[in-house]
Amino acid sequence: MDKLVIHGGRRISGTVAASGSKNSSLPIIAATLLAEKGTFTLHRIPELHDIETFTQLLQHLGVETTFNNNTLRVSTENVQSILAPYELVKKMRASIYVLGPLLARFGEAKVSLPGGCAFGPRPIDLHLMAMEKLGAEIKIETGFITASVKGKKLRGAHIDFPVSSVGATGNALMAAVLAKGTTTITNAAAEPEIETLCHFLSAMGACIDGTGTTKLVIEGVATLQAIEFTNVFDRIEAATLLAAAAITGGSITLNGVEPSQLKAVLKKFVHAGCQISTQSDSVTLISPEQLLPTDVTAKPYPSFPTDMQAQWIALMTQASGKSLITDRVYHERFNHIPELNRLGAHIEIKNNQAVVHGPRKLSGTTVMSTDLRASASLVLAGLVAEGITEVLRVYHLDRGYEKIEMKLNALGAQISREKYKEFS
């Protein structure tokens, strides 16, 4: 296994380009299954373990792919299988994204129950409910979701999600674009990743109204075409890099971003005392002499993102006072707190709320990643900790951050990647 060895106490400053979004790449890649002919050319796809796993899943289905220099080419003409096996699906929850496209194109699908990050309940019930609304018959047996449609054609329907779900909205969208008739999705997720998926599907020939809102109306079409498309930036990676500069007292300029998609996060950085300036495609952050305590509540977009709460907790260990962090999306997403406390942080969990007491002098030690964003919080803490911090199980980090140690080293960090053996 790999670990990151971080020599703390170095200021993160400089200019860096944001990577393409993982969370928009995955549904876009899944949506290529909807086209029967042609080759897709997808630009700005990040080199990540999750992308590799997902392309392996598509290859298992019969899809042809090539990936070079962040450009993925996909041909879905020769799909041979509608079975997504456990060996691949267990590695990531986003594998469920193939359910909607397979059902829409072939009228059947068999997908293993998914894996992925291990924090709290993340049910797939909403995905299945949406497919059933569109006319699919769903069975769960022997660890698989088996779905089929009479007549092989989904039918338009009204899908009202009881809670906002990015994954379920994406799956419903991909299923509905080839369904017969009109589908209305209410309480749809409005995250930029869903907006990007809508743009992608529309460019393929789908008929979607309400892009960027919580109500989507889809008029099914007969066929969709392969296209060339450029992915959007990764707003969570961008916010994490801003936090790296802020926690170390540095300054940073991020290029290739859309500041409007970072509005909630940038507002909190300002409350924490940072200076923020934006251009049409860049953001600059200048740290204060002393960070100010700033409460956040993670909720669906456009609010503060749940995928940044772990990093914000790490940042607030250096703020001058008490900060309260609440996650309304995943109430139990606090696996990183014991590891941050091992570094010298003083963080308590009270009533599903993290109470961060700062500022605290952190000292390097060995810590273990438990999920993707938790690992990012440990890297941030290691950047400011005195001495050497070793972050184990960084395969979690590699699922969602493209060459993160190289980016941080280019900004002034001293991080090396080393092999280690984990004892059972």
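Cβ coordinates are placed from backbone N, Cα and C, and glycine is handled just like the others.
Per Swiss-Prot, the features are:
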- Lys22, Asn23: phosphoenolpyruvate binding site (BINDING)
- Arg93, Arg122, Pro123, Ile124, Asp125, Leu126, Asp307, Val329: UDP-N-acetyl-alpha-D-glucosamine binding site (BINDING)
- Cys117: 2-(S-cysteinyl)pyruvic acid O-phosphothioketal (MOD_RES)
- Cys117: active site, proton donor (ACT_SITE)
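Feature annotations (Swiss-Prot) mapped to structure.
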residue : record                                        : CB count, 10 Å
Lys22   : phosphoenolpyruvate binding site              : 25
Asn23   : phosphoenolpyruvate binding site              : 23
Arg93   : UDP-N-acetyl-alpha-D-glucosamine binding site : 18
Pro123  : UDP-N-acetyl-alpha-D-glucosamine binding site : 9
Ile124  : UDP-N-acetyl-alpha-D-glucosamine binding site : 19
Asp125  : UDP-N-acetyl-alpha-D-glucosamine binding site : 10
Leu126  : UDP-N-acetyl-alpha-D-glucosamine binding site : 19
Asp307  : UDP-N-acetyl-alpha-D-glucosamine binding site : 21
Val329  : UDP-N-acetyl-alpha-D-glucosamine binding site : 21
Proximal residue to Asn23 (phosphoenolpyruvate binding site) among binding-site residues Arg93, Ile124, Asp125 (C-alpha distance): Arg93
Lys22 (phosphoenolpyruvate binding site) to Asp307 (UDP-N-acetyl-alpha-D-glucosamine binding site) - Cα separation in whole Å: 12
Reduced DSSP assignment, Leu126 (UDP-N-acetyl-alpha-D-glucosamine binding site): helix
